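Per TrEMBL, the features are:
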type	residues	note
COMPBIAS	25-47	compositional bias 'Acidic residues'
DOMAIN	408-453	domain 'Anaphase-promoting complex subunit 4-like WD40'
REGION	16-65	region 'Disordered'
REPEAT	228-259	repeat 'WD'
REPEAT	364-377	repeat 'WD'
REPEAT	405-446	repeat 'WD'
Amino acid sequence: MNGSAEDERVVLDELEESFIKDGEAVEVEVNDDDIPMDDDNDDDNEGDNQGGNTDADTSNGGGDVTATAVQPDMSIQTIDSHNSSSVYSVASHYDTNSNILTIVTGGGDDKACLHKLDNANQLGTVPLTHAHTDSVSSVAINEKYVSSDLTKTPKYVAVGAYDGSIILYDPATGAKLKELDGPTDVEFISFHPKGGSVLLAGSISDATIWMYHLPSSKCLQVFVGHECNSEGGGVTGGSFTPDGKFALTIGMDGTMRIWAPRTGMCRHVFKLYEEGSEMEGPAGLTCLAVDGGADGQLAIAGGEDGTAHVVHLQGKKVVAKLSHFDQVPTNSTTAGNGDDEEVFLTSVEAVGFASKAVNPNWAATGGSDGKLKIWDLTHGDGGQCRQTCAVKIEDSSDASNNASSAGPTGGITRIIWHPTQAILFVSYTDGAVRIWDARNGNMLHTLTGGSTKQDAQQINDMSVEVFGTEQGPGTAVIIAANDDGSVKIYNVDVAAILAVP
């Protein structure tokens, strides 16, 4: 027992450069002017423009995809390794030295697979060997975080499942390396950005968050504080802050929490819901993004009540409340099929910050309404909606010829910003990936996978690798994990789609 305690102390001491010691954390009083979000001098009258192409635009892949249309398959590769079961999670890493794209996927068939795609478009797949007894819910790769000293920061593929297991594999061979005892119903896993040797994992069922030092297989902390809601929902997302000093989690209790990794203590609780609202209990938080603002201290969380909240982590202050839905119904659910079943109509399902190279004051929200909104965070506590991006259908019966409505795209599931360009890659429940220009709201390109399963087109997860940005917008490789059991890989020349008028 004494040896085990000593090992854990040594591990925490090794991480001291990243983690703030308990005595070093200082409560900071932050005024609005102190938040590092300088105005980008855009004209105020740009706000809330309605962007998007019409279904007449086919030259650059844009336009509406109807629910009954036969989608063309625009992918360069299709991975069918999950026996037609839903693929719930995907992660990727592109090695610029070897030109090898590594992909790991997990699905409802209780399996995870490792895939390698080379520069000649040759695909190899290795089924990962652990026999899970429930769906694989989350996967991650730490290669972008490791140092040159692989003895201290080994390369790992991590796989988490609803059976409570967390398995580590060698990303080069797929060999099983370690098995960790984890929380029940693992909902997310996330690597520490300083070396990738520490892993965070959260439970959707018991609301605990576990932190591991992977080389030693030690569980360093179990963070306890989130509450399960009336339906048993616990923690829905989490990550380390970009500087690695804190862990950050969101849950179905409507809170975002900052944790001190060295002590296991909760440093702050953001209650991102309104007391006394008509919803039964707090609105759950569904999605999380970090590294916003000029100082990288902004985090954003989307909720089931149709809002997204932006907070400043160091200042422990809510900076903005973004109302994604223009009009939220008094009752935000609707009965389905004449029975008591209710479905949320107003949930924010995806969020993301533009990079500092683009504009550190921009954020994006994606809703179950299929709309993408671009926000400028320098305009008060409500932000300014710069663009609303939605596929438009021309209504010939409207004499004004100005009316349009969101097309039958379903909801948005993931948002990923380009690292150097003001464009976004957005996945939808209709099985398409649409690429939008954040500056003017125009849709630049649409990618479809040719699914024939009309009731299983949804993209559940998406990963994007962008390379070649040293001399321009580069090339984007998009990996979409689909409900029909397929994983689609798309290749996009970003400069080419930006050049299309």
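Even glycines carry a Cβ here, placed using N, Cα and C.
Note on the domain 'Anaphase-promoting complex subunit 4-like WD40' (408-453): DSSP counts are 0 helix, 23 strand, 23 coil. Residue counts for the repeat 'WD' (364-377) by DSSP state, with H, G and I taken as helix and E and B as strand, are 0 helix, 9 strand, 5 coil. Mean per-residue pLDDT, taken over the repeat 'WD' (228-259), amounts to 91.
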